[in-house]
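Engineer: Sharing a structure, written as structure tokens. Questions coming.
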Ligand SMILES: Nc1ncnc2c1ncn2[C@@H]1O[C@H](COP(=O)(O)OP(=O)(O)OP(=O)(O)O)[C@@H](O)[C@H]1O
Ligand SMILES: [Zn+2]
């Protein structure tokens with residue numbers, strides 16, 4: 001598989017350190033709000049990369065942190081008159097609700113900063129001992145001039161960066177680009193005891209520490225949104241490589257933005273839609289489909305039109321699945337003849353196309369296109385007269401490919417006991433020739449996105 005590595009700005013063949021095993025770290029959310037559809041993009045695309053790697057036989061260890069110590073959390077806590085812990089705990093619960101809806105599987109480990117304070121202190125102390133960090137008035141800073149490779153990820157050199165840096169009044173750092181590893185407590189905010197007095201960790205150090213603690217000094221893939229390349233990931237590299245003396249992450253993968261009117265969607269600009277709100281209008285799989293409809297490095301402009309397109313496209317996948325299931329119910333078991341075997345063989349070409357697309361830097365847009373072609377071909381060539389074997393293999397293939405994308409996973413039966421009941425009621429009404437009631441129930445179902453078709457084989461339920 002080839003992945004675009006931000007470190008080299010090239011698509012490279014992906015070769016993990018240990019054959020068949022992948023250690024992967026994804027920068028997680030700062031938990032002070034519901035996440036927006038821009039934030040959802042890294043979670044969904046890297047979840048898809050994980051699913052694909054597993055599909056190809058890799059054992060993936062996946063870590064995604066929660067940033068539960070941050071100024072934004074502290075401010076939100078003040079606004080709401082609750083403690084910062086209450087804010088972060090609440091939004092971690094809410095994160096899992098939306099993530100589950102979007103089919104984002106849980107990471108193997110979801111560490112929090114607050115569970116890693118001792119480890120952070122030890123890490124910072126080691127950087128001081130090695131001469132890479134210094135303490136002033138209870139703050140600890142990383143000395144960027146001591147780390148030769150500073151700027152290697154964002155392709156900037158330290159002199160240019162320093163020249164462009166704004167010099168703040170009361171600046172106590174030695175160099176303009178030095179950044180905080182530990183921040184002394186200013187008032188009564190959240191703080192922990194440390195060798196430098198009461199304080200709390202800076203932002204960047206947490207990911208260096210958690211990645212090292214849970215995955216080791218060198219990992220295979222470190223991922224996040226493009227806005228994290230500088231300074232967050234640049235600083236992570238500086239801290240980690242200064243501390244261990246080894247390469248920190250071998251492949252740096254960054255997703256492009258979800259934009260609104262060609263501007264990055266962000267909480268600070270206020271131009272965002274939370275996933276929670278979008279889910280009131282669209283099904284969660286439609287949102288996931290939308291996020292996968294472009295290759296992960298390309299920007300996507302969020303629009304209702306694109307959401308509608310995603311909805312329609314996903315409906316076509318679901319309808320293909322329903323058709324196959326329906327045919328399966330009535331199909332006969334018989335040996336596949338040559339014609340059927342050739343059909344299956346033809347369908348399998350789409351699996352190859354799908355894999356080629358995913359191998360090429362996780363091109364989910366082309367992978368989805370391959371599933372489309374498969375669906376089109378199946379719709380055109382599978383007939384009522386075909387064998388159970390052929391129909392089952394076709395359905396399995398469709399489910400195999402969409403499963404890698406985390407699509408077509410809706411459990412029909414789970415939503416349906418109530419709907420089933422309404423359908424039964426309508427049948428009964430029809431039998432009793434109470435057509436007014438039957439129509440009323442049909443309209444009621446329609447409002448919930450359910451269409452009913454009366455076929456010779458019985459009632460067919462179609463969901464949007
Ligand atoms: N518009 C966007 N499109 C794609 N990814 C984004 C977008 N905005 C944020 N991200 C990514 O979302 C992930 C979660 O980050 P985090 O919760 O810290 O968001 P944030 O930086 O507070 O969001 P914001 O930029 O809206 O303030 C990060 O990987 C970040 O790069
Ligand atoms: Zn991070």
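Heads up, the Cβ atoms here are built off N, Cα and C, so glycines get one too.
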Engineer: In TrEMBL, which of the ranges 18-28, 29-39, 40-50 has the motif ''HIGH' region' annotation?
Structural biologist: 29-39
Engineer: TrEMBL lists motif ''KMSKS' region' for one of the ranges 254-258, 259-263, 264-268; which is that range?
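Structural biologist: In TrEMBL, residues 264-268 carry the label motif ''KMSKS' region'.
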Engineer: Of 279-306, 307-334, 335-362, which span is tagged coiled coil by TrEMBL?
Structural biologist: 307-334
Engineer: Take the C-alpha atoms of residue 236 (Zn(2+) binding site) and residue 267 (ATP binding site) and report the distance between them in angstrom, rounded.
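Structural biologist: Distance between the two Cα atoms comes out at 23 Å.
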Engineer: What other residues of the same chain, not counting 27, 207, 232, 236, have a CB atom within 8 A of the CB centroid of the Zn(2+) site?
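Structural biologist: Near the Zn(2+) site, the remaining chain residues are 203, 204, 206, 208, 222, 224, 228, 233, 235.
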Engineer: Within the chain of residue 232 (Zn(2+) binding site), which residues six or more apart in sequence place their C-beta under 8 angstroms from its C-beta?
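Structural biologist: Within the chain, residue 232 (Zn(2+) binding site) has Cβ neighbours under 8 Å at 27, 203, 204, 207, 224.
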Engineer: Which residue among the binding-site residues 27, 207 has the fewest other Cβ atoms within 10 Å of its Cβ, if you could check?
Structural biologist: 27
Engineer: Around ligand 1, within a Cβ distance of under 6 Å, which of the binding-site residues 27, 207, 232, 236, 267 show up?
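Structural biologist: With ligand 1 as the reference and 6 Å as the Cβ limit, the list reads 27, 267.
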